[in-house]
């Protein structure tokens, strides 16, 4: 699979509408949800013991909350309605991430964080309100008893590092010193031992984001990076294909939603103009009928 950059998707900003949250399912939307369900079924059976220099923030406690509690925490933290095109996918993601989060083998991974942030930002691009989008992210991560700021911080560190790399230096991390290099070395060691690494589809997206930011367009770079990290390249290829398909379906679904919103706005505008015209006519007729001078016979 060519390691070409995932094209940057630009979903047009959608206007607010009371009916957005009840938008009927379309074929592209239904397909996007099915793909997202497949995408979000993470690898839950592998072990992970993170020793990365970037903060490892989450260890599983003895008391594992049920999925319903995680979903309830999310809904309590963010009480505003979420358009169904976003909400359906978010609900599926949070269920699957809950299952991964509370496995005994789960450890926080900065590359995973980069992948999740990338997927979330692509999914929520074009959301009617930037402030709400950030609030939803905060509520989502905190519902999993993790730190949303740390997700963003680690993702930003990984992105900044990748922008300063070339295809060659990205692959040759093992011969260099630095915080991110230490993270990648740790991943390679754990993945190589097959005892302390938990691969996930978000991890695959995180890897690809590194390639994208390093402008690594040579198809062999991803092969080399996976080999350096002791990651199964076939799994990465498969998961990135699913990710691309998901984004494509989301574009189609959001375009349909945009058209729906524009039609509703147009209808509302037409109704408002019609009502205003009727009010103007009624006012004119009222002024004429109830004007006393109208009842006075004019003299020729």
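Note: Cβ is positioned from N, Cα and C throughout, glycine not excepted.
Summarising the annotation, Swiss-Prot assigns transit peptide to 1-67 and lists sequence analysis as the type of evidence. Swiss-Prot lists 68-196 with the feature topological domain 'Chloroplast intermembrane', giving sequence analysis as the kind of evidence. Look at Swiss-Prot and you will find 197-219 tagged as transmembrane segment. Residues or ranges marked as topological domain 'Cytoplasmic' in Swiss-Prot (evidence: sequence analysis): 220-300. Here Swiss-Prot flags 239-268 as coiled coil.
Over the coiled coil (239-268), the average per-residue pLDDT in this prediction is 82. Per DSSP, the secondary structure of the topological domain 'Chloroplast intermembrane' (68-196) breaks down as 96 helix, 0 strand, 33 coil.
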